[in-house]
Every structure is written in structure tokens, then in C-alpha cells.
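Just below is one structure, and these are the notes that go with it.
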Amino acid sequence: MTDNNDDKTLNAPAKKTLTLKPGGMNQGTVRQDMGRGRTNAVVVETRKRRPHRPEDEKPVQPVVAAPKPAAPAPVAARPQAPQPRIHQPGGQQQRPGSSQSQQRSGSSAPQQRQADRPRGNVLHDLSAGEMEARRRALMEAQARDVVEAKQRAEDEARRKVEEEQRIAAEKMEAANRAAEEAAAAKVAASQPAAEVRAEPASERPAAAAAPAPRTDARPQSAAAAPRSAPATPDAAAPRGRRTGGDDEDDRGAVRRGSSLPARGKVVAPAPAKPAARLKTEEERRRGKLTVTSNLEEDGTPRGRSMASMRRRQEKFRRSQMQETREKVLREVILPETITIQELSQRMSERAVDVIKFLMKEGQMLKPGDVIDADLAELIAVEFGHTVKRVSESDVEEGIFNQTDDEGEMVSRPPVVTIMGHVDHGKTSLLDAIRQANVVSGEAGGITQHIGAYQVEKNGHKITFIDTPGHAAFTAMRARGAQATDIAVLVVAADDSVMPQTIESINHAKAAGVPIVVAINKIDKHEANPDKVRQQLLQHEVFVESMGGEVLDVEVSAKNKLNLDKLLEAILLQAEILDLKADPSRTAEGTVIEAELDRGRGAVATVLVQKGTLKPGQIIVAGDQWGRVRALVNDKGDHVKEAGPAMPVEILGLSGTPSAGDRFAVVENESRAREISEYRQRLARDKAVARQTGQRGSLEQMMSQLQTSGLKEFPLVIKADVQGSVEAIIASLDKLGTDEVRARVVHSGAGAITESDISLAEASNAAIIGFNVRANAQARTASERAGIEIRYYNIIYDLVDDVKAAMSGLLSPERRETFLGNAEILEVFNITKVGKVAGCRVVEGKVERGAGVRLVRDNVVIHEGKLKTLKRFKDEVNEVPVGQECGMAFENYEDIRAGDTIECFRVEHITRTL
């Protein structure tokens with residue numbers, strides 16, 4: 001070690017465990033002259049120089065102390081050349097320069113150190129910065145010592161563990177080798193015993209007599225450890241491996257002793273180690289390959305490595321384990337479909353065995369092939385496992401079947417749906433109740449969206465759902481009827497019962513909800529409420545005035561007449577129904593409408609039917625999921641919670657769900673994502689199955705095109721809300737015929753984007769925007785690609801324009817008009833003209849340029865046009881009945897006397913849907 005006073009001491013213990021230290025790296029401090037009497041202490045790393053050759057080492061003459069009268073001045077020790085260690089029988093080893101030189105060098109060592117200590121001149125005291133640098137360097141050195149000590153302890157512990165493992169492996173190999181030798185002894189029993197014993201007896205003296213030291217061609221350094229066999233008894237085992245500790249300590253001792261000539265100190269010679277016998281081929285194959293052992297062997301080929309030995313042991317261990325291995329029977333969970341590879345993993349069987357079993361059953365499959373649950377169950381049972389079949393739809397279990405706590409049930413507001421025919425005043429009636437004006441904001445004066453509102457009457461809340469009355473919005477009316485408690489059927493007193501009125505009655509009956517009839521527009525002179533009541537009887541709606549149980553109220557939305565009576569009738573019906581809900585449970589409900597807002601993202605209008613919905617909860621709505629970011633009521637205010645029968649807008653969904661989907665609150669995001677992915681995958685599978693069913697094979701497609709000639713009108717539809725998209729698609733489906741139909745390439749809620757333009761360009765489709773517009777990028781892309789974008793805000797106009805465009809795809813109707821018949825009397829062959837038929841018109845007339853058919857024996861031989869029509873030698877336009885004429889066909893001359901010529905006119909008429 002090196003201290004700050006440059007006092008170097010050398011400790012050479014007899015035996016010390018080899019540890020990892022920085023090789024030749026120490027830290028020291030030097031003083032740097034900064035000029036003008038200033039100095040600076042700098043911490044540097046010093047590296048010891050180790051000579052590689054004996055002649056490189058320069059002997060250092062020690063400083064002789066002052067002579068004493070009793071003892072003569074010591075003589076400086078001269079550096080000795082490195083001598084090879086000689087193995088002696090007694091295990092003793094002598095080194096030149098015995099104990100006397102040791103005593104002399106030992107007694108003179110303190111005097112040499114005292115004389116070698118440098119005596120510098122102190123220029124000035126250290127500054128505070130220099131003291132701090134020294135203190136910091138000292139602390140860093142101490143910290144490094146602690147880390148190195150910890151590292152040495154860890155290395156020592158790891159080395160002990162490895163040594164124990166190696167000893168255990170050697171014991172196992174020794175046992176295996178003993179078994180192999182015993183087997184070999186039985187085989188070689190016929191050989192003479194003396195010959196068998198001669199081999200090991202002759203090997204041992206040879207190994208003992210082998211010279212231990214071995215010189216090399218190049219000069220070796222004094223610090224290099226002489227290569228010799230270990231002297232420890234355990235190292236002389238049959239394997240012939242030297243232990244790492246002794247060899248390392250020996251080399252370390254020699255290395256430490258290499259600097260003895262410089263200090264004039266001699267270390268006691270180590271005892272000589274006996275020579276080791278040469279390793280056999282089997283021992284070399286089992287031994288560990290190192291650089292030292294590889295250089296020590298004399299020309300023998302290198303054997304197996306340690307990794308090869310470990311692989312052999314592992315293979316032997318596996319073979320032993322497989323012999324006594326017992327089959328483990330498991331419970332295998334089988335979904336609806338599973339791959340063979342996954343099935344084999346769940347059974348802990350090899351996929352090859354499963355493939356072999358299937359081959360025996362006559363099925364050639366690969367590990368990646370998908371099989372159904374029935375075949376998977378057969379395979380699992382055949383391999384002895386028990387089967388538990390599950391369905392993918394099990395992920396939806398427990399969402400909507402939660403039971404309500406009877407003790408927590410409280411009264412809730414009724415949900416009322418306004419239904420009826422278009423333009424019968426449904427929205428106007430609701431506006432009069434809400435004291436709002438929604439009708440003025442509706443395009444065309446008709447409702448094209450489903451809306452939900454909540455009003456309060458005498459301290460009681462009532463939730464109203466306004467549904468469209470147009471024929472295109474059948475699905476909306478059906479959803480409104482399913483999510484409601486009471487249906488208010490609005491019938492105009494001047495228009496009576498209409499088709500959508502009948503449809504609304506059927507929806508209410510199918511949903512099993514009571515009906516309250518509101519006879520509107522009684523302020524008109526032509527109003528006839530009694531006629532309305534009588535017509536309702538035909539559809540099994542019996543009002544109270546006719547002896548039934550259905551409440552009816554005559555109202556006027558325009559003059560706001562009897563609106564309070566209508567609300568009282570609704571509250572009376574709700575009291576009869578005794579509507580209750582549990583607000584403490586998790587929320588469930590129905591999606592009334594969904595849209596994609598540019599600033600807020602996906603927005604869903606929902607009706608909470610059970611429980612209480614709060615911001616921050618995770619919900620699943622259809623195939624979409626999300627965390628509720630905000631709740632907005634019908635007035636546009638943010639609310640902290642939504643109780644039963646309360647309509648709110650939800651922000652935070654990942655996408656726009658379909659109108660009519662049910663939503664529920666789930667416990668965590670993973671469950672919500674799992675349910676959403678399952679539903680999306682199910683929707684994709686259905687779409688693929690639908691397309692596959694429509695597409696069929698190539699032969700079916702060609703036959704359909706040849707027979708039916710079906711033409712498609714591709715469209716990309718974007719609307720403001722999901723319900724409008726649904727209504728538009730339903731209306732366009734009704735326009736389709738056997739020859740032409742509308743094909744919706746893509747539909748969705750939201751503005752027209754650049755991706756829609758790309759899709760329309762790829763499919764050669766037109767783009768329809770309903771209450772939405774295209775952004776600037778989409779408009780630029782459409783102009784560049786030549787894609788037409790049509791904007792609409794009334795569904796009537798949209799359907800009419802698409803109908804007209806689809807009519808243009810219809811092939812025109814071919815209408816044929818019979819003109820007359822002519823009989824060929826004689827055929828003339830005229831030069832430069834060809835054959836000309838002399839005919840007499842026997843029926844109707846014959847016109848020039850009309851279509852003709854040549855009929856022979858009641859069989860049509862040719863169909864074409866007339867080339868010439870002459871009466872005598874003059875060209876005429878037509879020949880009436882009873883007159884004779886000459887006719888020639890275009891590109892046809894196979895005419896004979898007695899044939900009949902049929903003349904007709906063809907007209908093409910444009911068709912409409």
C-alpha cells in the first residue's frame with residue numbers, strides 16, 4: 001500500500017485469498033506550481049511499473065544509516081535472478097539467500113525506509129481549499145475502500161457457492177465414472193489380471209518422475225508464476241484439476257515478491273509442490289478449459305469444454321426425470337375457437353403429439369390452425385384432461401344483471417316519449433310544455449333528431465323524449481318506446497290517424513308501455529276530436545270517453561290549451577305505475593343519441609335508468625368505452641351526478657356508440673377494454689360474414705352479374721348524429737331494386753375529413769353530408785380528386801336526389817312496336833347491289849331504316865336493318881299494305897322466295913325507381 005508520506009511497505013503473508021483490486025492503480029496527490037508562489041494540490045492516479053524482464057529491473061542502492069560501534073554497516077542486497085522452484089522429496093524448497101540474508105534485510109528495512117523518506121521544504125501553510133481537497137480525496141478513498149471490501153465479500157461468497165457446486169458435480173461424476181469403470185471391468189474380466197493392473201502402476205511412477213519445472217524459449221519475468229502442478233491433496237484427485245485458491249495465492253505471492261530486490265527484502269521460500277501426473281483424455285474432456293491449462297498441456301488435443309459437460313449432465317438428468325415422470329392431469333379451459341398450439345400449451349403437452357393424434361384421426365392440421373371447441377374437447381379428453389368450456393360472451397356477464405336493494409328503492413321521475421305522425425305537432429307541444437322554441441331551429445320544420453328534456457310540474461320532475469315522426473326514423477321511435485315508461489300519442493285533430501300514428505301505437509304495445517292520447521290542434525275549425533277517437537278504436541286504443549282505460553286530453557300547442565291537464569294525466573299514470581329505482585347502485589341506462597363534436601369529441605346523450613352516474617366512472621356503451629369526463633344536462637349546465645330517469649350528455653368516450661346501445665359502469669379499465677374489444681371483434685366478424693354471404697364464390701358472382709345485372713351506387717355518408725346515419729341508411733335500403741341498389745361504403749357521425757375523400761376516391765363513391773360540412777383539407781382533396789360532395793339538411797331532399805341518381809343507373813326500357821309483314825315473291829341478283837327481294841306488303845306497312853327480321857318456316861333466320869327500300873326504281877320511305885316493293889338487307893344476302901320479312905320499330909324509354 002501507499003500512504004501519503006510515500007512510506008511503502010510490503011507484507012507478504014504465507015497464504016492469502018486472492019481478491020480483486022484495481023490493477024496497479026493508486027491515487028496520490030501532487031502539488032502543482034501555479035506561479036508567483038502559488039501552489040495547488042491535485043489528486044492523480046499513479047500506476048506501478050512492473051518490469052517484464054529481469055534485465056529491466058534496476059537495483060536500488062539503499063541508503064546506509066550512520067555506523068554504530070557495535071555493528072558494521074550493512075551491505076546493500078544485490079538483486080537476485082529468478083530461480084525456478086525445484087520440487088524436492090521432502091516438500092522443502094530453498095531459495096538463494098537463506099535466513100541470514102533475511103535477518104540482515106529485515107534489520108536494515110526500517111533504516112532504509114527512514115533514509116528513503118523524502119524530506120521536502122514547506123513553502124507555506126495549506127489554504128482552506130487545499131485542505132478541503134485533501135479531505136475530500138481522503139473521504140473518497142475511504143468510500144472506495146468500503147465499496148471494494150463489499151465487492152470482495154460478495155465475490156468470496158459467490159466463489160464459495162461455485163466451489164460447492166463444482167464439488168457436488170465432481171462427486172456425481174465420480175459416481176458415474178465408478179459405475180462406468182465397474183461395467184468396463186466386467187467386460188474386461190477375460191483379460192489377464194496382471195495386464196490390467198500394469199497400466200495404472202506404470203502411470204504413477206511416470207507421473208512422479210516427471211520434472212516439474214519447464215523452461216520456455218522466451219525469457220520470463222520475475223513476477224510471472226512458474227507453471228507447476230498443485231501440491232494440495234485434493235488437487236491431486238483423479239480429475240487432476242488444481243484448486244483456484246492455492247494457485248491464485250501462489251501466483252500472488254510470487255508477484256508480490258517480484259519487487260523484493262528493490263527493497264532489499266527476501267521472502268522465505270515456499271515449500272516445493274510435487275509434480276502432477278499427466279491428465280488422461282477422459283479427464284481433459286471433463287476438465288475446465290482455461291488459458292493456463294491450455295498452455296500447460298503438451299501437444300494433446302483439446303477436449304470438451306465445461307459447457308459441453310454441463311449439457312451432458314443436463315441431458316442425463318432429463319433422461320432420469322423422464323423415466324420417473326408422472327402425467328399431470330389438468331383442467332383445460334376451452335373457448336369457442338382455439339389454435340392447436342395454444343391447446344397443447346394449456347394441456348402441457350407437445351404440439352407434435354396433438355398433431356400425431358389428429359393424423360391418426362385422419363385430419364392433417366398444423367399447430368397454427370384454428371379448431372372449434374368440440375374438436376378441442378375431444379383432443380383434451382383423449383389426453384386424459386378434464387374440460388371446462390367457456391364462451392367469449394362470458395366477459396359480459398355481471399354487467400346488467402345486478403339486483404336492486406329493496407331498502408334503498410326511492411320514487412323516480414317518469415320517462416315520457418312523445419310519439420306520432422310527422423307534422424302533428426309533437427315538438428311544438430313539447431316546446432309549449434318546456435316554454436322553449438325548438439321547432440324554429442329544425443331544418444324544414446321537422447324533427448330529425450331524438451331529444452331528451454326534463455321539466456318540473458308541481459315539484460314533480462318529468463323526463464320527455466321527443467322522437468321524429470318521419471317514416472325514415474322508425475328505429476328512433478322504436479328506441480324511444482323501449483326506453484320509456486309512458487307513451488304520449490300525439491294525433492292532429494284535423495288529420496286523424498296516419499301511418500306513423502299506427503306505427504307508434506304498435507311500438508308502444510310492443511314495449512308494453514301505457515299510452516296517453518293527446519289530441520292536438522283543436523283550435524282549428526276543421527278539427528274533429530271524435531273522429532280521432534273513433535279511428536283509434538280500429539287499432540285497439542280505447543280512450544276513456546269511449547269506455548276504455550286510455551287517458552285522452554284535447555290540447556293546443558299553439559294556444560297552450562289544456563297543457564296542465566296533460567301533465568296531470570301523465571303524473572296520474574306515473575303514480576299508478578309506482579316507478580322506483582335504487583340510486584345507490586352502479587348506473588345503467590340507454591344511449592339515446594350519439595355524435596362526434598369537433599371541440600368535445602365523442603358525445604353521447606344517455607338516459608340513466610338505474611343507479612347514479614358520476615364523473616370519473618368507467619362505462620361501457622356498446623362497443624365503446626371511456627372514463628366520464630363531464631356530465632351536461634339538457635340546459636347545458638355541468639352536473640356532478642345523474643340520478644335515475646335523468647337525461648345527460650356524456651363526454652369522454654373513445655368513440656361514438658350506436659343509438660339504442662345500453663351502457664353500464666364497470667369496475668376498472670381492463671374490464672371495460674376487454675368488453676369493448678370483444679364487441680368490436682363480434683361486429684367485424686358479422687360484417688365479414690355478411691360480405692362473404694353476399695360475395696360467395698367467383699362463379700356465383702359471375703352468374704349473378706350475367707343474370708341479374710345488378711348495379712351499385714356507392715356512397716359515403718357522414719351525418720351529425722348516429723341516429724341520422726341510421727335513418728339515412730334505412731331509407732336508402734328501401735330504394736334498392738333487383739337491378740340497382742345503394743351501397744354504403746362508409747358511414748359515421750362527424751365532419752367530412754380527408755380520409756373520407758381518400759376512401760371515396762378509391763371506391764369511386766359520392767359523398768353525402770347531412771348537417772355537416774367538410775373541412776378545408778377535405779375540400780382541397782375533393783377538388784383535386786374530382787369527388788362530388790353533396791350537402792343536405794332535410795332527409796326528404798337527400799332521399800329524392802339519391803333516388804334520381806340511382807334511376808340513371810337503370811338500363812332504359814326497350815320497347816318494340818310492330819309495323820308490318822312482307823312476303824318475298826322473287827329474288828333478283830343485281831350487279832354492284834347484291835341480292836334484292838321482290839316483296840308484297842301483306843300486313844301493316846314497311847318503313848325505311850326500321851328493324852327487320854327474316855322468318856323462314858316460322859324460324860327467325862336473321863335480324864337487322866333495311867339497306868334499300870324501292871318502289872319500282874324510286875327510293876321511298878315507306879310502302880303501305882297491298883303494294884309491291886324491293887328490299888335489300890345490310891350485310892346479309894341469304895334470302896329465298898317464300899320467306900317472310902317482319903318489320904318493327906325499337907324505342908328506348910328511360911326508367912325511374
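Just so you know, the numbers here start at 1 and follow the chain as drawn.
In case you wondered, yes, glycine gets a Cβ from its N, Cα and C as well.
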Swiss-Prot annotation (region 'G3') - matching range among 366-369, 402-405, 466-469, 634-637: 466-469
390-394, 410-414, 445-449, 870-874 - the one Swiss-Prot records as region 'G2': 445-449
Three-state secondary structure, which DSSP defines for Gly420 (GTP binding site): strand
Number of helical, extended and coil residues in the region 'G4' (520-523), per DSSP: 0 helix, 1 strand, 3 coil
Assigned conformation of Lys426 (GTP binding site) - DSSP reduced to three states: helix
Assigned conformation of Thr467 (GTP binding site) - DSSP reduced to three states: coil
